[in-house]
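Asker: Before we start, here is the structure in question, set down as structure tokens.
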Amino acid sequence: MHDIKAIRDNQQAFEAAWSAKGRSGAAAEAVKLDALLRAAQTALQEAQAKRNESSKLIGMAKAKKDEAEATRLMAEVEHLKAVMASAAQTETEVGGQLRDLLASLPNIPAPEVPAGEDEAGNVEIRRWGDASKLPAGRLNNPKDHVDLGAALGGMDFEAAARMSGARFVVLKGQIARLERALGQFMLDLQTVQHGYTEVSPPLLVKDEALFGTGQLPKFKADLFKTSEQNWVERLDEQIALRVPPLLNITQTDVVENLKGLRAAASMDEQAARWLIPTAEVSLTNIVREQITDEAELPLRMTALTPSFRSEAGASGRDTRGMIRQHQFYKVELVSITTPDQSDEEHERMVGCAEAVLKALELPFRTMLLCTGDMGFGAKKTYDLEVWLPSQNTYREISSCSNCGDFQARRMDARFKKVGEKGARYVHTLNGSGLAVGRTLVAVLENYQDETGRITVPAVLVPYMGGVTHIGGEA
């Protein structure tokens with residue numbers, strides 16, 4: 001959420017930044033709505049002041065028995081009430097339009113972010129690793145993870161489709177164990193070596209949480225939502241069946257009374273919940289509507305959770321295999337910092353994500369995303385892309401973003417600086433450390449040999465109970 005005063009004072013800068021993200025004209029529209037809103041507020045205040053003054057004069061006129069003046073003033077008061085009602089309506093309507101507009105506008109890119117329309121404008125920062133030194137590097141035609149998983153009897157897409165539909169998978173045996181080993185290894189690395197605090201957060205969240213991190217309202221179609229009324233309606237049915245005989249009343253009476261009670265009472269606890277698309281939502285919202293002491297920052301948190309995404313915008317893309325799933329595990333990294341700390345923390349976070357790939361000896365490259373390829377809430381983003389032999393290319397496996405105070409404003413998350421009376425907005429950062437499913441894909445493909453046997457990366461052997469190979473002698 002953006003500060004309208006900042007937009008008003010720096011309209012050209014905001015216009016240029018949003019134009020780079022495909023929202024040309026947004027700053028002018030926001031300033032126009034703001035002017036209408038302030039005009040309505042001024043009109044309302046002026047009408048209120050005049051009404052109050054006229055109301056006093058009515059009493060004075062009546063005291064002087066000046067009925068004509070009293071009548072005139074009363075008519076003026078009625079007119080002012082109409083003016084106030086109109087101004088109040090305009091304030092409500094325009095204020096809502098302005099809030100909706102501001103909620104829909106993306107973050108402002110940092111100055112060093114390259115201009116570009118899509119991934120073609122991204123800039124490679126560095127590469128690490130040599131794919132030719134891994135087992136798959138010696139193969140002319142490496143298999144993809146789907147064929148490898150099926151041959152090993154550990155990956156079943158058909159069974160998953162029968163129970164859940166497309167973009168799901170059933171992992172079994174040593175492949176399932178390898179996925180679990182990867183998640184545990186990543187979590188241990190980020191907590192023990194990198195100092196992140198492990199958190200076990202909710203997987204179901206309210207609208208406000210997703211608004212805070214920027215998924216709502218813009219990306220509603222990408223989310224899974226639970227049904228909000230099913231259990232309430234079933235409870236109503238049972239009450240309607242069981243209560244009437246006890247009270248000697250009709251079921252219709254009970255049902256009608258329940259409708260009235262539910263309409264009058266807060267439905268907050270029965271409202272729908274959303275499945276988290278990433279643990280970023282749960283972890284970042286821990287500081288929602290909180291004021292954190294500066295001494296506690298940076299606050300670093302990590303979690304290994306399932307993530308749920310509808311992939312509404314990915315129709316036809318990556319339909320084969322585990323690259324793009326509705327449900328997948330991911331180790332998330334979140335940092336809450338002061339504005340002075342966030343740039344350095346961003347670089348540190350990228351290093352923490354890279355450390356996983358280095359430990360697994362998986363070749364990767366680090367990309368700085370351009371303006372047109374960055375996410376909604378990010379002001380600067382690095383993507384890590386891992387080498388996949390079957391595709392002969394690099395694919396995204398982590399995205400690390402500095403969101404500045406963009407999410408903090410939406411969540412009202414602030415910190416108290418020593419020696420200052422007021423509180424400032426924190427900066428929030430998030431990144432994958434890493435996506436477990438895609439890392440599993442990379443391990444299977446890069447560590448395959450000509451027989452389809454998989455060598456377990458050395459750092460994972462302790463997590464695999466000493467197993468060194470999958471599909472052959474341990």
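Heads up, residue numbers simply count up from 1 along the chain you see.
Every residue, even glycine, has its Cβ placed from backbone N, Cα and C.
Quick paste of what Swiss-Prot says about this protein:
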{"type": "BINDING", "residues": "THR278, ALA279, GLU280, GLU332, SER432", "note": "L-serine binding site"}
{"type": "BINDING", "residues": "ARG309, SER310, GLU311, GLU396, ILE397, SER398, SER399", "note": "ATP binding site"}
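Could you place these features in context, so I can see how deep they sit and what lies close by?
Answerer: Classification of THR278 (L-serine binding site) by DSSP places it in coil, neither helical nor stranded. Listed in sequence order, SER307, LYS330, GLU332, ASN430, SER432 are the same-chain residues at least 6 apart in sequence whose CB falls under 8 Å from the CB of THR278 (L-serine binding site).
Listed in sequence order, the residues of the same chain lying 6 or more apart from GLU311 (ATP binding site) and placing their CB within less than 8 Å of its CB are ARG167, ASP222, ARG324, HIS326. Secondary structure from DSSP puts GLU311 (ATP binding site) in coil.
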Asker: Can you name the residues of this chain that are 6 or more positions from ARG309 (ATP binding site) yet have a C-beta less than 8 Å from its C-beta?
Answerer: ASP222, LEU223, PHE224, PRO277, GLN325, HIS326
Asker: Same-chain residues six or more away whose CB lies under 8 A from the CB of SER398 (ATP binding site)?
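Answerer: Counting only residues 6 or more apart in sequence, the Cβ neighbours of SER398 (ATP binding site) under 8 Å are ALA353, ASP383, LEU384, GLY431, SER432, GLY433, LEU434, ALA435.
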Asker: Just checking a number: largest C-alpha distance across ARG309, SER310, GLU311, GLU396, ILE397, SER398, SER399 for the ATP site, rounded to a whole Å.
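Answerer: The widest Cα-Cα gap among those binding residues is 19 Å.
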Asker: GLU280, GLU332, GLU396: which of these binding-site residues has the sparsest Cβ neighbourhood within 10 Å?
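Answerer: It is GLU396 that, of the binding-site residues GLU280, GLU332, GLU396, has the fewest other Cβ atoms within 10 Å.
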Asker: When you measure from the Cβ of ILE397 (ATP binding site), how many other Cβ atoms are you left with inside 10 Å?
Answerer: 26
Asker: Determine the most Cβ-crowded residue among the binding-site residues SER310, SER399, SER432, using a 10 Å radius around each Cβ and all protein chains in the structure.
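Answerer: Output for this query is SER432.
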Asker: Between the two most separated Cα atoms in THR278, ALA279, GLU280, GLU332, SER432, the residues recorded as binding L-serine, what distance in Å do you get?
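Answerer: The L-serine-binding residues span at most 9 Å between Cα atoms.
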